[in-house]
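Taken from Swiss-Prot, the feature ATP binding site covers Glu15, Ile16, Gly17, Asn18, Ser19, Ser20, Thr21, Ser22, Thr138. The substrate binding site annotation in Swiss-Prot covers Tyr105, Gly112, Ala113, Asp114, Arg115, Thr191. Under the heading active site, proton acceptor, Swiss-Prot lists Asp114. The K(+) binding site feature in Swiss-Prot is assigned to Asp135.
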Amino acid sequence: MDISASTDRLLLVVEIGNSSTSFVVFQGDQSLALQKVATNLLTTVDGVAASVEPIFAAHPMLVDAVVCSVVPQAEEAVVTYLHGSITGKVMQVNSALKLPFTLAYEDVTTFGADRLALCAWCCLSHTAYAFIALDIGTACTIDVLNSKLHYLGGMIMPGLELMARSLHEHTARLPLVDVSTVSLSLLGNSTTECMQLGIVWNFTLGLEKMIESIKMYLEYEEHDREILLVATGGAAPFVTSLFTMQCQVEELAVAHGARLLFSYNQ
């Protein structure tokens with residue numbers, strides 16, 4: 001099956017994250033439209049309708065949809081709306097699908113849909129690589145596959161926003177800071193700067209050190225020399241810009257992975 005083959009049939013991919021949701025219209029492997037909304041607006045079918053109806057108005061030929069979600073309440077509302085609004089297939093990304101990699105996990109039903117889609121995108125978009133896949137958002141996930149496309153394991157940790165929120169909520173006087181506005185230096189000269197820099201450097205340098213260790217594991221234990229580091233998620237461009245190592249950043253990697261899984265399961 002040539003899953004990369006172009007087609008005239010339009011596909012709606014709904015990527016539901018903890019903070020934001022992306023509605024992406026694909027024709028083949030080309031994204032025609034992207035709309036982002038806050039996930040907390042999608043808790044009801046009416047909320048979904050208000051967000052998605054402009055997309056259907058602009059693309060009346062939409063027939064099929066795939067939903068990739070880490071928020072059950074929003075997923076239920078979106079799927080309910082789509083079943084009543086389109087004539088084609090509505091597919092939900094989960095571990096019951098046919099996957100392009102071997103998933104070794106204690107309980108595959110707990111493996112997040114976003115992680116499934118990201119790993120699928122790695123496997124179906126590239127060949128002859130081992131992969132270290134990062135999704136840097138509200139939480140940060142690391143997933144690792146060898147060049148035989150066997151899932152080796154991963155890590156889940158707080159993202160920048162959660163680290164900032166935790167410092168604020170679990171101390172008496174520390175403010176809630178926005179790390180995206182930090183002026184990068186080594187040391188801060190105010191409480192806000194000290195917090196921003198502490199969060200950013202702790203997260204970035206710690207993450208890069210973990211990646212270095214994973215690369216060594218892949219090289220010496222799995223005998224993989226061609227290793228591709230990829231990243232997606234809202235904070236990926238900022239965080240990876242501070243890396244000393246090369247990293248491929250793809251904003252729509254999870255959406256593309258969901259699209260590829262839809263084709264892979266036809």
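Glycine is treated like the rest: Cβ placed from N, Cα and C.
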Q: Would you list, in sequence order, the residues of this chain other than Glu15, Ile16, Gly17, Asn18, Ser19, Ser20, Thr21, Ser22, Thr138 that have their CB within 8 A of the centroid of the site's CB atoms, where the site is the one recorded for ATP?
A: Thr39, Val70, Val71, Gly137
**Q.** Proximal residue to Ala113 (substrate binding site) among binding-site residues Gly17, Ser19, Asp135, Thr138 (C-alpha distance)
**A.** Gly17
Q | Residue among binding-site residues Glu15, Gly17, Ser19, Asp135, Thr138 with Cα closest to the Cα of Tyr105 (substrate binding site) | A | Asp135
Q: Please state whether DSSP places Asp114 (substrate binding site) in a helix, a strand or coil.
A: helix
Q: Report, as a single number, how many Cβ atoms besides its own are within 10 Å of the Cβ of Ala113 (substrate binding site).
A: 25
Q: May I ask which of the binding-site residues Gly17, Thr21, Thr138 is closest to Gly112 (substrate binding site) if we compare their C-alpha atoms?
A: Gly17
Q | Within 10 angstroms of Arg115 (substrate binding site), Cα basis - binding-site residues out of Glu15, Gly17, Ser19, Thr21, Asp135, Thr138 | A | Asp135
Q: Could you tell me which of these binding-site residues, Ser19, Thr21, has the greatest number of Cβ atoms within 10 Å of its own Cβ?
A: Thr21
Q. What number of additional C-beta atoms lies within 10 angstroms of the C-beta atom of Glu15 (ATP binding site)?
A. 27
(Q) Over all pairs within Tyr105, Gly112, Ala113, Asp114, Arg115, Thr191, the annotated substrate binders, what is the largest Cα to Cα distance, rounded to whole Å? (A) 42
Q) How far apart, in Å, are the two Cα atoms that lie farthest from each other among Glu15, Ile16, Gly17, Asn18, Ser19, Ser20, Thr21, Ser22, Thr138, the residues recorded as binding ATP? A) 15
Q: Sort out for me which one of Thr138, Thr191 has the most neighbouring CB atoms within 10 A, since those are the binding-site residues we care about.
A: Thr138
Q: Give the distance between the Cα atoms of Gly17 (ATP binding site) and Asp114 (substrate binding site), rounded to the nearest whole Å.
A: 8
